[in-house]
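Trainee: This is the feature table in Swiss-Prot:
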DOMAIN    4-119  domain 'VOC'
BINDING   H7, H66, E115  Mg(2+) binding site
ACT_SITE  E115  active site, proton donor/acceptor
Amino acid sequence: MIKGINHITYSVSNIAKSIEFYRDILGADILVEGETSAYFNLGGIWLALNEEKNIPRSEIKYSYTHIAFTISDNDFEDWYIWLKENEVNILEGRDRDIRDKKSIYFTDLDGHKLELHTGSLEDRLSYYKEAKPHMNFYI
């Protein structure tokens, strides 16, 4: 039986710059740092970065694949300003209903998509039950 997410690993092109991004911009606690790898605690998630310099990264921008982190609604504007001030690549978000709460989509230095989201799974399911009658719900 799967008990939960163990860790998330991202391949990065420059470990030193990526450490700065996750530590200084997102506030991750660095746990381990090596020549080509680093481990963080980011909101209770074990995040691993491994440097792989010579792999193609150009197609990643076309994918919706991302990791979303929970933030409070009260912190939403502060996060947006913080990311802008630090010249983080903020992406145009998708159109969303107010019941779907708020999100900021952005990328790390290698184009991995990240999201800061004010809603919860319960919020999303409540909204979808109202707005998407074609969906089947099992909870």
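The first residue you see is number 1, and the count goes up from there.
The backbone N, Cα and C atoms fix where each Cβ goes, glycine too.
Keep in mind that this is a model prediction, so the values were computed, not measured.
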Trainee: Using other CB atoms within 10 angstroms as the count, which residue among the binding-site residues H7, H66 scores least?
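Mentor: Ranked by other Cβ atoms within 10 Å, the binding-site residues H7, H66 bottom out at H7.
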Trainee: Helix, strand or coil by DSSP: which one applies to E115 (Mg(2+) binding site)?
Mentor: strand
Trainee: What average pLDDT does the predicted model assign to the domain 'VOC' (4-119)?
Mentor: 91
Trainee: For a quick check of packing: other C-beta atoms within 10 Å of the C-beta of E115 (Mg(2+) binding site), how many?
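Mentor: 16, counting other Cβ atoms within 10 Å of E115 (Mg(2+) binding site).
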